[in-house]
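Peer 1: For reference, TrEMBL lists these features for the protein:
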- 49-70: region 'Disordered' (REGION)
- 217-251: repeat 'PPR' (REPEAT)
- 252-286: repeat 'PPR' (REPEAT)
- 322-356: repeat 'PPR' (REPEAT)
- 357-391: repeat 'PPR' (REPEAT)
- 427-461: repeat 'PPR' (REPEAT)
- 462-496: repeat 'PPR' (REPEAT)
- 497-531: repeat 'PPR' (REPEAT)
- 563-597: repeat 'PPR' (REPEAT)
- 633-667: repeat 'PPR' (REPEAT)
- 668-702: repeat 'PPR' (REPEAT)
- 752-786: repeat 'PPR' (REPEAT)
- 787-821: repeat 'PPR' (REPEAT)
């Protein structure tokens, strides 16, 4: 009967119970002292005086009102004095069992009073009352007082109880039935341990329940499992789940979802899949949370395509999958560098009537930023803002970081100011990115001002911000200022970390302070910070930048352990110091030993070789990398193609071009145009036009530069043929010129000054002076201003025809427009005048 009445009490608020039923419960359901009646104003006053805050607790909603029979007890509680013994306090608490809030308030008052310490008896009496009424939050608070040490200053509050948890549990088991009340006590204790991350103690109490004849509540187990996952203890969570099943626990759908999440986080996808089948056997339907956890797990473990399939299957089965699952799939594809698939998922959401939220937009924008596709990132960000969604500092930081990594420091500052002007909240990370950009630009003073602005906005600077500023000072060569900043860090109570010391080591080395860099290593050790491989690498590379190559070599040779990164740093340092041959020799010595250096290091060497004009060595470097199954980046291919084309080695350039195609790295319009230009220079027009057709087949549209290159090649080749063959003079129109011009017109590509200049120069050299003049006039009519090159081309043609007066007119026209004739124009005019004099002399 007591259980029946308690069930009704929990199911219905007291003011909704029929009066007759309420009376019945008071007569038949309650034990001694638990009497329902009208509210007593004195009892309420007593409760308020003992603990005013307790009267507003959510736990009080379904508690009994004070009765006249408890007024005397309440008065006794108010009259409590420290002289009362533990036995008397326990007796008072016991007498307040019908007034749990008053009992709790009385306990608190005595606990906070001086000269009294609660013993195990008083705790047991209060726990029994709280368990009976199901006041879980008060139970949690009480158990936290027991398990946590005193957290205040001495004298602020009494010390923790002087008894063990095991003794307390023993007393509770003696005085509580092995039913709901005892289960509540154990659940509350477990949750209290979990809330302060005392997981071992929580697990120990949890598994004592089996020996006491009952199983813990599933909600308590779920709470424990969830917190374990939050703290990264996946293996422990899974092990506890399996053990709980052995002792008879029946998991609910949320339990399964939590464990699926744990298994996915630890990469056990097959076990996670098995749990879905286990749920089906148990007659449970997986929740959307379970499916979402599984989708997230697949995407986190590089299985985003499968994750998307699961998502689509859920959608077809009418499972309510939220935006978080879509964002997880988009993020997964972005992390796997499958940006096209991520875009497809993003835009499919809109087709399916799902409006992407700021989370989905943010993930997509961050994906674009990781691939340095800044234009799409900014366009999508603008679209997000236009739809009324608020951006956030995470999205803003990803855009700023992308600009920073692309070497666009000025744009970082401009974009930051634009965001700030829009009233967007910018956090410490956003500010630090801009501080770094200002330091890269050499504007350290502005960086300092920005840090002061952060302080005015009550943002607390940390070691990261100071480290960034130290880097800025070192880049400017202001090492003393950097050291002063280290002193400021110390005064503010911050401890420099390994990153800070590495920045300082790089600064010393870059500025040629080799001995200071070496001494810093000893200082670091004295401060308890051990130098790592990065420390040694930055010293090696930056000593070379500071033109201390010998010191770098000595330091490098003294290192007992040399990693691949250390060798890469030495090679990179040689390149920075323009010791390209040393870098080349060291790299190939390593390659012969089977040691592979970083791609960045290899690219830096390739770039140096190309700048030095040593394209043969650069060609060998690429071939060697390919032979060792090291895939060069597209940038490396592009750099070598460009250098070989400039050197006129079109054969080797085409070999690299073809390798690029074979590797599935589609050449861009620049690669195609460079190759066409090289073929045109050696009069291989057919090969140039073959490339034109190939790029159009691949969907790459030629631009005005491509067509300019082809027209220049056609005209120059025709000019050579005219000079070498008398029969060629009969063919005035270069073959293919009209076709190219017609194609440009169809594609609505308007000629610019450079293209007109190419045509004017070309037609002039094949003695089509009238066409050259017509093009010159057409250019002016279209609002294009001829430059010195265009004038010189026409002037040379005049001189070749003996029209010195026309050449002089062009010279005067150039001067009137402020265009200074170059040496070529003057030489052409001089040659024309000399030719005219010779002709006059012959006539005479």
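Cβ from N, Cα, C; glycine included.
Remember, TrEMBL labels are computer predictions, not curated facts.
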Peer 1: For the repeat 'PPR' (752-786), how many residues does DSSP put in helix, in strand and in coil?
Peer 2: 26 helix, 0 strand, 9 coil
Peer 1: Restricting attention to the repeat 'PPR' (563-597), give the mean pLDDT.
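Peer 2: 92, rounded to a whole number.
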Peer 1: DSSP-wise, what's the residue breakdown of the repeat 'PPR' (497-531) into helix, strand and coil?
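Peer 2: Once the DSSP states are binned, the repeat 'PPR' (497-531) shows 26 helix, 0 strand, 9 coil.
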Peer 1: State the residues, same chain only, that lie 6 or more residues beyond the ends of the repeat 'PPR' (633-667) and have a CB under 8 A from a CB inside it; answer 'none' if no residue qualifies.
Peer 2: 599, 602-603, 606-607, 610, 613, 615, 618-619, 622, 626, 674-675, 677-679, 681-682, 684, 695, 698, 700
Peer 1: Which residues of the chain, 6 or more past the ends of the repeat 'PPR' (427-461), have a CB below 8 A from one of its CBs?
Peer 2: 393, 396-397, 400-401, 403-404, 409-410, 412-413, 416, 419, 468-469, 471-473, 475-476, 478
Peer 1: Report, as numbers and ranges, every residue of the chain located at least six residues beyond the repeat 'PPR' (322-356) whose Cβ falls under 8 Å of a Cβ in that stretch; write 'none' if there are none.
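Peer 2: Sequence-remote neighbours of the repeat 'PPR' (322-356) are 288, 291-292, 295-296, 298-300, 302-305, 307-308, 311, 314-315, 362-364, 366-368, 370-371, 373.
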Peer 1: Which numbers of helix, strand and coil residues does DSSP report for the repeat 'PPR' (217-251)?
Peer 2: 26 helix, 0 strand, 9 coil
